[in-house]
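Residues or ranges marked as region 'Disordered' by TrEMBL: 1-39, 929-952. If you look up TrEMBL, you'll see 1-35 marked as compositional bias 'Low complexity'. Marked as transmembrane segment by TrEMBL: 86-108, 120-139, 151-170, 182-200, 207-228. Residues or ranges marked as domain 'FtsK' by TrEMBL: 536-736. According to TrEMBL, the feature ATP binding site maps to Gly553, Ala554, Thr555, Gly556, Ala557, Gly558, Lys559, Ser560. Among the features that TrEMBL reports, compositional bias 'Acidic residues' is placed at 934-944.
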Amino acid sequence: MATRTSSAPRGSSSSKSGGTGRGTATAKTGTTRTKQLPAVEPQQPFPVRALSWAWQGTGHMIGAGIRRIGYDVSDLDPADRRDGAALFNLVLGVFIATFAWWGFTGWLPDAVYSIVNGTFGWMSLLLPLMLFVCAFRLFRQPQDGRGNNRVGIGFLIMTVAGSGLAHIIGGQPTVAEGFDGLRRAGGMLGFLAASPLAAIHAAVPAIAYGILAVVSLLIVTATPFTAIPGRIRSAYEHLMGVDLAERAPEDDGHDRSYLYEGDAAKPKRKKRMRFFGRDHDDDAGLEGYVGDEPFEHAIVDDEGQVPRASAPRVPPGVRRPTPAEIAVEKIKAAQGLGAGSMDHSMDHGTMEHPTEAIPLLIPGQASAAVAPVPARPAAPPMPPTPIPQRTEQLSLAGDITYTLPASEFLTPGSIPKERTEANDAIVAALTDTLVQFNVDAAVTGFSRGPTVTRYEIELSPGTKVERVTALSKNISYAVASSDVRILSPIPGKSAIGIEIPNTDRETVSLGDVLRSQNARRTDHPMVMGVGKDVEGGYVVANLAKMPHLLVAGATGAGKSSFVNSMITSILMRATPDEVRMVMVDPKRVELTAYEGVPHLITPIITNPKKAAEALQWVVREMDARYDDLANYGYKHIDDFNKAVRAGKVTPPVDSKRVIKPYPYLLVIVDELADLMMVAPRDVEDSIVRITQLARAAGIHLVLATQRPSVDVVTGLIKANVPSRMAFATSSVTDSRVVLDQPGAEKLIGQGDALFLPMGASKAMRVQGAWVTESEIHRVVEHVKGQLQAVYREDVAPEAQKKQIDDDIGDDLEVLLQATELVVTTQFGSTSMLQRKLRVGFAKAGRLMDLLESRGVVGPSEGSKARDVLVKPDDLAPVLAAMKGQDAPATPDAHTAALSDNANANIAVGGYAEDLVANDLEARKQAVEYYDGADGTEEDDDGSEDAWSLTGR
Ligand SMILES: Nc1ncnc2c1ncn2[C@@H]1O[C@H](COP(=O)(O)OP(=O)(O)OP(=O)(O)O)[C@@H](O)[C@H]1O
C-alpha cells in the first residue's frame, strides 16, 4: 500500500482557479495572482560595491576553512552560502571580546563598551560566545533556516533572561543611582526586564528568569523536555567514560562472530540502542513483525499523515471566479488597479508552514472579494535533527563502541519552493489552452514536487475526459515542454493530473528523507530513503518488504545515484550484524567508495564470472537458512532470529553448533546485463531461485540495469522481482519491460523515476534522493573507522589457476578418482579401476599409465598388481599437484578445508554444520575401510558403499 510521507511539507496545493469557461471561448483567462516585477535596483557606487565584494570574498575564504573543520561540508551549494552575514557575526563577536574578555581600551572599544555593557551588563561577557556560535552555524549550515532561527531566538531569550538575573544578582540598581551600577548588574535591559516583576515580589523575577534561562538553553540545544534525562546521562557517560546502562548477561545471543571471526574469547556485552535519549531493545525494529506477513507494504506508511487534498474544495455559498473575471483581475493587476484582490495570506495554523490562499469569489460581492482558504503547507526541508541514533556496544578489542553515523553527515537540502512564477505562468497557459479549445474544465490547483508540478484539472459535468487528454500535444506546445505526462484520473481523485517538469527543479537530499517522520517511525535496518513524490511528500521504503527490486533506466538517468542512496541509507541505519551486503559492480567505478565497509561479506565483485558464482553462493546460503527454518519450525527468518535471541532455539544435544541470529543479506547488482552476457543460464537460474524463495530467508536482491530489454530482464526474472524502480528509459518498449506500462520514457532523467513497489497498482512518480560523494565518504569513513570488514572467502573464491597437464586432458576427474582409489587401497590393479570406475579396459590402462608417469604406481609387472608408491598420508599433495594447485600445507588439508567451510558457514549465522560434520565422519570411515584392506582384488569387493561415501 502506498506510502508517502507527509511529514513533509507538501508541495502546495495552491489552487488556481480557472473558470468553468462555458461559452467563453474568446475570453482570455489566466492566473488571478498579480506578480510585481522586482524593482530594478539602482547601481551602487563603485566604492560600496568594492567594499561589498571584499567583505563577501573574505567571508567566503573564512567560510571555506570553517566548512572543512571536522566533517567536511564544503560541497555546500554556493547559492545557499551566507558567508557575509556569518562574517558579520564573527567580526562583531571578536570586537566585543576585545574589551569584554581582553580589556582593550581606546576610543572605539570604550564607546562600544559603553553601549554594549550599558545595555546588557554582565551578559556582555556571553555575547561574543553567542555570536561565534551563530557565525559558525551560518558558515556551515546556512541552508538550515529553521535551525538557525531556533538558535537565534534561543540566544535572544537567553540574553533577556541573563540580563534579568544579572540585575537581581547585582543588587537591583536603579537608573537614579547612575549607569555604573547598571553596568555592573544586568544593564539597561536587565533593569527593564526585572524591575516591573520585582515590584510584585522580589522572588518573582528570579524565578521567572531562572526558568526562562533553562528554557532558552533547551531551545538552543533543541532538547525536548522528555529528552533531558537521556541527554544528561549521555553527557555524564561521555565525560566520565562509563556506561550507566545495565550490562547484559554474557551471552545475549546476538551474532557478532563474523565481526571478529576466530576470536571467540572476546567478551560480549549487551547491545544497547539509543533513540532520542531512550534506550531500545536491539530488535525493536522487528518487534512489529508478525510472522510471514504479506509483503505488499513495501513503502513505509505514515500514520499521522496530513490529509493531502491538493485542490481545496469550494465551501458552500462560494464559487470559483470565471475565466472572464480572472482575466479582468489580471488586466486590473497589470494596470496596478486590483492588486488587493489576490491576497495570498499566510496561514500559520501549523506554526511553521506557509500556506496559500485560494482565490474564491463570494456571490453578491465584488469580483475582487477573496476568501482565503488554507491549502496544504509547502515542504521545507527537515531540520537537521538527528536520524534515530543508536549506539551499540560491541565486544571488540579495546572496548570499542559501534555507533551509527551521525545524522549531520548528511547535509540538509535547499528549502523547497512552494510556488514560483513559473507555476503561475503554466496555470495561465493551461487555462488559455482549455479556453481556446472550448473545453469546459478548469485548473483547480497544483502540487509542486521537486522535479515536476502536477496541475489538476476538473471537468464540468458532461465534459469528456478525452477532451483534455486529446489536447496533450497542444498542452505540450503551450507550456513549451515535450515531457508532459497526463494522468487521468489522478489516483483517488476525480481530477485529471498534468505533470509538467519544473524549469527550476530542486534536489532532494537523502539526509532530509532520512530525517522525515516516516523514516524515523521505524528502526527497521532495511529502510531506505527513496526520495520525494510529486506532492512533495518524502518517500521511504523497506527493502525487506519489497522483497526484491529491479532498478532500470537509460544511461545517466540516475540508477547508480539511487543505488548509492540505498547503500548509504543502510549504512546510516543498520549495524553490520543487522545487514550484510554483497555488491556486484561490473562497471568497476560505481560502488568503489564502499570498499572495506564492515557490512560487506565479500570484497566488491567486479568480475561478472565471479558475480555468477556469488549468486550461487547466495543460493546455498539461502538453502542453509531454509534448512534451519524447517528444522526449527519457523516460517520467517525474523521469527527465527527472535526465537534465537529469546533462547528458544537450541541445537541438538550432541551438536557443537552455536545458533546465532542471521543478518539480512542484501545483494546489489549494479549492472545485470554484464552478468547475463557471461552466464545467462546460471545467472537466471540463481536469480529465479533466490527471488522465489529468499524473502523468508532474509535475503533480498536489488538488480539494476541500463538495458531493460527482454534478453536481460527475462520473463522469469521479471515474474519474480515484484518491485520496480524505473528511471527515464529510452523507449516506450523499455518502459513496458520494466513497469508493464508506458510512462518511464516520459521521465526527465537525473533521478526522476516511477516507483512501483510490490502490491501497488499504479506507479508513483518520485524524485530520487541525492547523496553527494563527500557525504558518502564521511559515512564510509565513520563506519570503516570502527570495524574492519571480515570477508567470507567462499562467496567469490579466487579462480584457481589450473595448469593441468596436456596428457591428462579431460580425464582429470576420473584420474583423481583412480588415484584416490589406488592410494587408499594400496592396490594397483587395472581391473579394479575398470570395475570401480566403470570404465573400459583401454581407459583403465591409460589411467594406470598416467598414474605410473606421476609416480603413484610402479611399472607393470605382467598380470600382477602394480606396486603403489604413494602412502595414503601423502594423497592430498598428489591430488593437488594433479589439479595444478599448490600442495596443501598438511596431509590432512582436505579434511581441514572442509572444517574451514563448516566454520565459515557457522560464522554467517548458524549454518547447518552438522551436515558437514557428518560428511567428514563418513570420509574418515572410508579411509579407515581402505586402510583395513589387505591388498587383494577380492578384498575390495565390498568397498562400493564406502567409496560412494567419499562423495566422489
Ligand atoms: N536523485 C538525483 N538528484 C539529482 N541529480 C541526479 C540524481 N540522480 C542522478 N542525478 C544526476 O544524473 C547524473 C547521472 O546519474 P547516474 O550516474 O546515477 O546515472 P546512471 O543511470 O547510473 O547512469 P549509468 O548507467 O551510465 O551509470 C548524476 O551525475 C547526477 O548529476
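Glycine too: its Cβ is placed from the backbone N, Cα and C atoms.
What TrEMBL says about a protein is an automatic prediction, not a curated fact.
The shown structure was predicted, so the numbers you read here are calculated from the model rather than taken from an experiment.
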When DSSP is mapped onto helix/strand/coil, what comes out for Ser560 (ATP binding site)?
helix
Among the recorded stretches 86-108, 120-139, 151-170, which has the greatest number of Cβ pairs closer than 8 Å to the transmembrane segment (207-228)?
151-170
Cβ within 8 Å of the ATP site centroid (Gly553, Ala554, Thr555, Gly556, Ala557, Gly558, Lys559, Ser560 excluded): which residues?
Gln706, Phe727, Ala728, Gly749
Give the helix, strand or coil assignment DSSP yields for Ala554 (ATP binding site).
coil
Counting only residues 6 or more past its boundaries, what in the same chain has a CB within less than 8 Å of a CB in the transmembrane segment (182-200)?
117-124, 159-160, 162-175, 208-209
Looking only at Gly553, Gly556, Gly558, the binding-site residues on record, which one has the least crowded Cβ, with the fewest other Cβ atoms within 10 Å?
Gly556
Which residues, sitting 6 or more apart from Thr555 (ATP binding site) on the same chain, put a CB under 8 Å from its CB?
Gln706
Ser560 (ATP binding site) CB neighbourhood, other CB atoms within 10 A:
22
Let's check the environment of Ala557 (ATP binding site): how many other CB atoms sit within 10 Å of its CB?
26
List the same-chain residues at least 6 positions away in sequence whose Cβ sits under 8 Å from the Cβ of Ala554 (ATP binding site), in sequence order, or say none.
Gln706, Phe727, Ala728, Thr729, Ser730, Asp734, Gly749
Excluding near sequence neighbours, so keeping only residues 6 or more apart in the same chain, what lies with its CB under 8 A of Lys559 (ATP binding site)?
Val551, Ala552, Gly553, Asp670, Ala704, Thr705, Gln706, Phe727
Restricting to the domain 'FtsK' (536-736), report the mean pLDDT as a whole number.
88
